[in-house]
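*Asks:* This is the feature table in Swiss-Prot:
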{"type": "REPEAT", "residues": "123-163", "note": "repeat 'WD 1'"}
{"type": "REPEAT", "residues": "176-216", "note": "repeat 'WD 2'"}
{"type": "REPEAT", "residues": "225-265", "note": "repeat 'WD 3'"}
{"type": "MOTIF", "residues": "243-258", "note": "motif 'DWD box'"}
{"type": "REPEAT", "residues": "271-311", "note": "repeat 'WD 4'"}
{"type": "REPEAT", "residues": "315-355", "note": "repeat 'WD 5'"}
{"type": "REPEAT", "residues": "372-412", "note": "repeat 'WD 6'"}
């Protein structure tokens, strides 16, 4: 009986998800300026835009690259991948940025093929938990593997099609962890300085400029203070000696490399009531850091007074796994959760007055809910070149590249009552 009930519940949930998706699809033209949906062969647990952008002459699109990975079934090979994406130019005629009903795509060029192409596959041992490029040289990509080591690849030194023997040949293997994890962060100040956090409760720091032995490097420094899994690590974006970490022990820790003790963070706070899964420092305001948690909330903290949160965002209905600041707008933050939703927040709208009707959609700072995914979102990335464009990947193999409609974030001049409703 129990199994039948479980199956029925699963079927009902699937039906609800499909209904929600149909409603989302129908509303896409009103809520978005761009939606590209691409089915990958395997799910990717990671996505990150690369910083370069080209405009081919005579074309109505720009070309950018992004990093993806695979999470295949047991016997299938895994890859670190590079994809090339065509994005319509802003001044493209509106009929060219048309809505493609069959594919629920908005911002196509009258031709749906070839907008996302996998241009390079590099053999990888096991799934790619996370992949991030080095800011000073985007050819260099670090990956979190399932075997505790962190791999470093220079993708310019690898062929576009992987060797058929399936051999994984990273340019460097970074040692120091005893188990896998997800936390990974390159220093924007010190070329080659890489932080990693894992399930072994440790944070490792490497300098990849050091001389390797047999393509292997041991950690330059290991930081131990978390009591349990280190879920995420991040370098501060203004001070080269500061970084933060969060973990299953519910703590947010701030570390200072100038401190004499590697086991003592300079600041610590119990940030959430459950595991803390992610953190992100604000790129404009040196004091502000955001965290996301299994307790379904996103919180803002001020490094000058870490003991109490500045603000709590509590609209998510499931555990929050990723947070990320808009690289061009100081007050814009995005977060995604287990519940298939990616939310975009505007801090400048906190405590704004609302009508009763608007309040039903969520708090004033909840700017937008992206409802295009039908399973858990694994990762997302703000586009560094195209304002307000986000790419997101989910467990059902879907990669989406999207941009909310301009009138949603530029609505200061709207008459009362004309404010666009939030998507969901």
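Each Cβ is built from the backbone N, Cα and C atoms, and glycine gets one as well.
On a predicted model such as this, the values are computed, not experimentally measured, just so you know.
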*Asks:* Same chain, outside the repeat 'WD 3' (225-265) by at least 6, Cβ under 8 Å from its Cβ: which residues?
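*Replies:* Same-chain residues near the repeat 'WD 3' (225-265) but 6 or more away: 181-190, 193, 195-203, 271-283, 286, 289, 291, 293, 301, 303, 306.
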*Asks:* When the pLDDT values for the repeat 'WD 5' (315-355) are averaged, what is the result?
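*Replies:* Result for the repeat 'WD 5' (315-355): average pLDDT 96.
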*Asks:* Most CB pairs under 8 Å with the repeat 'WD 5' (315-355): which of 123-163, 176-216, 372-412?
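*Replies:* That would be 372-412.
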